[in-house]
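Scroll down for the structure; my scribbles are underneath it.
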Amino acid sequence: FCFTFTQGANFDVINRCPYTVWAAASPGGGRRLETGQTWSLKIAPGTAGARIWGRTNCSFDANGKGKCETGDCNGRLECQGSGTPPNTLAEFAQNQYYNLDFHDISVVDGFNIPMEFSAVGASCKTLRCDVNLNQCPQQLQTKGGCNNPCTVFKTAKYCCTAERDSCGPTEYSKFFKSNCPDAYSY
């Protein structure tokens with residue numbers, strides 16, 4: 001999936017969940033969003049390996065230090081780096097090959113909240129993982145979400161290590177893919 005921008009892009013992160021979500025972005029930081037609130041991010045052209053995710057059941061002090069049940073980023077409100085699984089991810093890269101932008105939804109790091117990723121004013125497909133996957137196979141269940149099998153089993157079969165031949169669909173990735181066909185599952 002791709003879309004093209006000649007300059008940076010604006011991303012509006014909107015909480016449409018019926019509960020508070022602490023949105024996180026790398027690059028970008030983090031913000032508490034009540035139902036219906038929006039956080040606008042300006043992303044520089046050429047940004048690669050970027051991601052946006054939601055964190056749940058967080059508690060932060062006045063200095064922005066605390067903890068989240070899912071998607072935590074080193075106990076900080078202002079994220080730097082990635083979140084701790086499980087977390088549903090929106091991933092993107094701008095002005096890459098042939099000046100194209102790429103975006104996807106991933107449940108490779110597990111699932112914690114439903115997500116939609118859409119471009120405004122572009123002819124790209126809206127990507128969704130809008131079902132509640134917290135009712136996942138028992139082995140993957142964790143408080144507030146559904147772990148990815150690599151976190152649980154820690155084997156090449158589920159972790160897609162440097163031995164690329166170890167990567168392939170499993171019964172768990174097929175569960176994720178059947179429920180969220182737009183999302184990467186392994």
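Glycine is treated like the rest: Cβ placed from N, Cα and C.
Automatic, uncurated: that is what TrEMBL annotation is.
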So, in TrEMBL, which cysteine from Cys58, Cys79 is disulfide-paired with Cys73?
Cys79
Look at the disulfide annotations in TrEMBL and name the partner of Cys150 from this list: Cys159, Cys160.
Cys159
Record TrEMBL, residue Cys129, disulfide partner from Cys58, Cys68, Cys167, Cys180:
Cys180
Cross-link partner of Cys146 (disulfide, per TrEMBL) out of Cys136, Cys160:
Cys136
If you skip the near sequence neighbours and keep only those at least six away, which residues in the chain come within under 8 angstroms of Cys79 (disulfide bond), Cβ to Cβ?
Ala24, Ala25, Ser26, Gly28, Gly29, Gly30, Cys73
By a simple count of other Cβ atoms within 10 Å, which of Cys159, Cys180, the disulfide-bonded residues in the record, is least packed?
Cys159
Cys167 (disulfide bond) as reference: those disulfide-bonded residues from Cys68, Cys129, Cys146, Cys159 with C-alpha within 10 Å of it:
Cys159
Here's one to test understanding: among the disulfide-bonded residues Cys58, Cys68, Cys150, Cys160, Cys180, whose C-alpha is closest in space to the C-alpha of Cys136 (disulfide bond)?
Cys180
Please report the Cα separation of Cys159 (disulfide bond) and Cys146 (disulfide bond) in Å, rounded to an integer.
16
Closest to Cys129 (disulfide bond): which of the disulfide-bonded residues Cys68, Cys146, Cys150, Cys160, going by Cα position?
Cys146
